[in-house]
Amino acid sequence: MSKKLHIKTWGCQMNEYDSSKMADLLDASNGYTLTEEPEEADVLLLNTCSIREKAQEKVFHQLGRWKKLKANKPGLVIGVGGCVASQEGDNIRTRAPYVDIVFGPQTLHRLPTMIKQVQEGRGAQVDVAFPEIEKFDSLPEPRAEGATAFVSIMEGCSKYCSFCVVPYTRGEEVSRPLDDVLYEIAQLAQQGVREVNLLGQNVNAYRGPTFDGGICTFAELLRLVAAIDGIDRIRYTTSHPIEFTDDIIEVYKDTPEVVSFLHLPVQSGSDRILTMMKRPHTVLEYKSKIRRLRAARPDITISSDFIVGFPNETDEDFEATMKLIEEINFDMSFSFIYSPRPGTPAADLPDDVDMEVKKARLTRLQHVINNQSMQIGRAMLGSTQRILVEGPSKLDPMQLCGRTENNRVVNFEGPHTLIGGFADVEITEVRPNSLRGKFLRGENEMNLRIATAPSEILARRPDNVPDPLGVAAFTPH
């Protein structure tokens, strides 16, 4: 009888990536298979997020539910990972002593050993250290699940925005070696992946070491990934404006694989609030970067993050944010009411904006951006869009579903042989959350760029044997 694993994940795409790696790791090392039902599991893992308000209380509420399962199944192993685990450490076990394992984002690769030690009766295991990039050296080979895949290229953030917990929960910026990143993507491409999403808390700050002692910038990485045959779309998240440099903008001029969509968080349209947030850029600098980007890629759409009701935010500050939104014409946003995060500098500031004022500001901001999004959608009516076909439509299994470059969902009729590839579709209807289209052509009629076969990249990796530093030699041609 196989052992069962249940993972509950909250938070960002990095957490989703980490959870998939936990599943692969425990399958490869211990033979655990995933189950959607926690009642069936031998191991329960909660991968947490500390971004939202009352994150800790949400964790203990979930653990309380699992406590009942453990009462009926004493051998059940319960583990807590992610950013709340990194923040709280052994304090989690103080409040929930039935938790067996507490691990941080950088120590998930040690899970097989920690689970084994618990099962051997060696007591609870707590490891929330920051061993830099070690976890990537210990993970199993990547497995593709469809035409899109996420690849983590770096961890942590060194910007220390006053409201943000990431530097304290995931550590400072550490980039994966270039050849490791390219090798993972080449493996995924050989398995049929067509779109890769590069992940990092501050992804465009990537500075990956190369085999010859050099450093690969994010702009250089984008071009190298684009050269891998089969990878015809590149996304990345999340970017920081201060790291969105001219060399990255130049990539948009000559690298069509990088999609015409960018998520670039600004947080506020007020320089005064940005200073209080310790964001090292001004509104003018942000607008300048967007202007130059649109000159390089005129059809690009932009999304962003906004925090409303930051301490001491006045009506004038908020109106400055609304002015920026109107000037940039954002396609979408992740927008939140400010709430203090324990341990951050902003938590020491008086939370002096009335909650009703915060709610009203958020409602107005979201209403404007939703209207902008609908206008952008309507402008796509009658246009031909290249769709990466992901599978049958959830609305109608007889139809297909895919995404445009600017991340719009499109449903259309077409042969199921298109799944996993690209299709050109004429947009015939615009709906609030999706588009409808008419199939025009498959990728056999397209002139997709071919540069470097994945097998060539894999062959350059010398028998998968790392050097003493754990970095294999990759020589880009």
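Just so you know, glycine gets a Cβ as well, placed from its N, Cα and C.
If you look up Swiss-Prot, you'll see CYS12, CYS49, CYS83 marked as [4Fe-4S] cluster 1 binding site, on the strength of sequence analysis. In the structure as shown, the Cβ atom of CYS12 ([4Fe-4S] cluster 1 binding site) sits within 10 Å of 18 other Cβ atoms.
CYS161 ([4Fe-4S] cluster 2 binding site) falls outside any helix or strand according to DSSP and counts as coil. Annotation source Swiss-Prot lists [4Fe-4S] cluster 2 binding site at CYS157, CYS161, CYS164.
The domain 'MTTase N-terminal' annotation in Swiss-Prot covers 3-120, and the record cites sequence analysis as its basis.
As annotated by Swiss-Prot, domain 'Radical SAM core' applies to 143-375, with the evidence given as sequence analysis.
Marked as domain 'TRAM' by Swiss-Prot on the basis of sequence analysis: 378-441.
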Open item on the list: Residues other than CYS12, CYS49, CYS83 within 8 Å, Cβ to Cβ centroid, of the [4Fe-4S] cluster 1 site?
Closed with: TRP10, GLY11, MET14, ASN15, THR48, SER50, ILE51, GLY82, THR169
TODO: Output, ordered by sequence, the same-chain residues six or more apart from CYS49 ([4Fe-4S] cluster 1 binding site) with a CB under 8 Å from its CB, or 'none'.
DONE: TRP10, GLY11, CYS12, ASN15, ALA55, GLY82, CYS83, VAL84
Open item on the list: Excluding near sequence neighbours, so keeping only residues 6 or more apart in the same chain, what lies with its CB under 8 A of CYS161 ([4Fe-4S] cluster 2 binding site)?
Closed with: GLN267, MET277, LYS278, ARG279
